[in-house]
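**Student:** Sharing the features that Swiss-Prot gives for it:
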- CYS2-CYS13: disulfide bond (DISULFID)
- CYS30-CYS115: disulfide bond (DISULFID)
- CYS92-CYS107: disulfide bond (DISULFID)
- 9-116: domain 'C-type lectin' (DOMAIN)
Amino acid sequence: DCPSDWSSYEGHCYRVFQQEMTWDDAEKFCTQQHTGGHLVSFRSSEEVDFLVSILKFDLFWMGWRDIWNERRLQWSDGTKVNYKAWSAEPECIVCRATDNQWLSTSCSKTHNVVCKF
């Protein structure tokens, strides 16, 4: 069972906050809302559809950051990538609800927040 003000889907609880903040602030905010809380993550397109049905805005942070730095990259010759020269600005992911597109953007930008536990 989810607390009041939270919505339930497939054993998880979700809460939509129509307040914009940076990714770091949003993730910290979600951890403070409920034990085990984090920015929303998705395991299926049905989960996305559920969330979109309760949203009142388009763009929101997802719990995924540093997409390029976290990937296990390798060069075309098969050798491991040990040297990286990405831009200094870390990238985080927002979801655009109107068409369920995931977009890479600066983590320092502000977007709405959806928490999940």
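Using the three backbone atoms N, Cα and C, a Cβ is placed for every residue, glycine included.
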**Student:** List the Cα distance (Å, whole number) between CYS13 (disulfide bond) and CYS115 (disulfide bond).
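**Tutor:** That comes out at 8 Å between the alpha carbons.
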**Student:** Please work out the number of neighbouring Cβ atoms within 10 Å of the Cβ of CYS13 (disulfide bond), leaving out its own Cβ.
**Tutor:** 19
**Student:** Just going by other Cβ atoms within 10 Å, which of the disulfide-bonded residues CYS2, CYS30, CYS92, CYS107, CYS115 has the emptiest spot?
**Tutor:** CYS2
**Student:** Quick check: of the disulfide-bonded residues listed here (CYS2, CYS92, CYS107), which one has the Cα closest to that of CYS115 (disulfide bond)?
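**Tutor:** Comparing Cα positions, the candidate nearest CYS115 (disulfide bond) turns out to be CYS2.
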**Student:** Between CYS2 (disulfide bond) and CYS30 (disulfide bond), how far is it from one CA atom to the other, in Å?
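**Tutor:** Here the two Cα atoms are 15 Å apart.
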**Student:** How big is the Cα-to-Cα gap, in Å, between CYS30 (disulfide bond) and CYS92 (disulfide bond)?
**Tutor:** 16
**Student:** Three states by DSSP: which one describes CYS30 (disulfide bond)?
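**Tutor:** Going by the DSSP assignment, CYS30 (disulfide bond) falls within a helical segment, counted as helix.
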